[in-house]
């Protein structure tokens, strides 16, 4: 399988280039960065592209890849419901193309989201705290937003979080994602971390995941690269690849 990387000179992208080059069953074709022509992916007969770029360019990248029949594994964040809908519309005209978008490729992070979804209905209160390096463009993170949505869906028949706050500074209680408070921290020295805090009578439960290095994303990305062509259309998350759905 011939694999290219968009954002190849970025910190995550460079890690992905090394991972593809080290894999015996994959061939690295080309790396594309800002200012480079996307046509290089076609010229090198690339089968699958790994995209770790920026929310401002990822949609143009996807339109090009879909139009040219190149499968995409996307770790770039910033996907709103509207963006997801747009990708689905593009894919409707290219039924042979496959796009997999995941808010997080770290296996532990995916498992922590799954565990949080399972725990959600057993606790009265829940809040999410995500912590990242200060260069991250979006807040809350895609992982935190997805975690909150999964928790909210699991709690759909439960009362809302108890919270008597009536006054306070704007933003002090975090962002509201489907009724779940999500707090974002940006701090030098961090990579990617998340805590989900549950509370009920007499006890609390914390589910925490830490990506200490960007290589934590490699196993999930390579799994997606190897499997994406088997799932035409749009897939969100790698949970199905791990038999978690």
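Even glycines carry a Cβ here, placed using N, Cα and C.
Per Swiss-Prot, the features are as follows:
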ACT_SITE  132  active site, proton donor/acceptor
ACT_SITE  136  active site, proton donor
BINDING   7, 8, 9, 10, 11, 12, 75, 76, 77, 102, 103, 104, 105  NAD(+) binding site
BINDING   133, 142, 143  (S)-2,3,4,5-tetrahydrodipicolinate binding site
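Features as recorded by Swiss-Prot, highlighted on the structure.
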residue: 7; record: NAD(+) binding site; DSSP (3 states): coil
residue: 75; record: NAD(+) binding site; DSSP (3 states): coil
residue: 103; record: NAD(+) binding site; DSSP (3 states): coil
residue: 133; record: (S)-2,3,4,5-tetrahydrodipicolinate binding site; DSSP (3 states): coil
residue: 142; record: (S)-2,3,4,5-tetrahydrodipicolinate binding site; DSSP (3 states): helix
Original post:
Looking at the binding-site residues 9, 11, 75, which has the shortest Cα distance to residue 143 ((S)-2,3,4,5-tetrahydrodipicolinate binding site)?
Top reply: 75
Original post:
How many Å lie between the Cα of residue 7 (NAD(+) binding site) and the Cα of residue 136 (active site, proton donor)?
Top reply: 15
Original post:
If you measure residue 75 (NAD(+) binding site) to residue 133 ((S)-2,3,4,5-tetrahydrodipicolinate binding site) at Cα, how many Å is it?
Top reply: 16
**OP:** Measuring CB to CB from residue 77 (NAD(+) binding site), give everything in the same chain under 8 Å that is also at least six residues away in sequence.
**Re:** 55, 103, 137, 138, 141, 142
Original post:
List, in sequence order, the same-chain residues at least six positions removed whose CB sits under 8 Å from that of residue 136 (active site, proton donor)?
Top reply: 186
Original post:
In the same chain, outside 133, 142, 143, whose C-beta lies within 8 angstroms of the Cβ mean position for the (S)-2,3,4,5-tetrahydrodipicolinate site?
Top reply: 77, 103, 104, 130, 132, 136, 138, 141, 144, 192, 194
Original post:
At the level of the C-alpha atoms, what whole-angstrom distance separates residue 11 (NAD(+) binding site) and residue 133 ((S)-2,3,4,5-tetrahydrodipicolinate binding site)?
Top reply: 12
**OP:** Write down the Cα-Cα distance for residue 132 (active site, proton donor/acceptor) and residue 9 (NAD(+) binding site), rounded and given in Å.
**Re:** 20
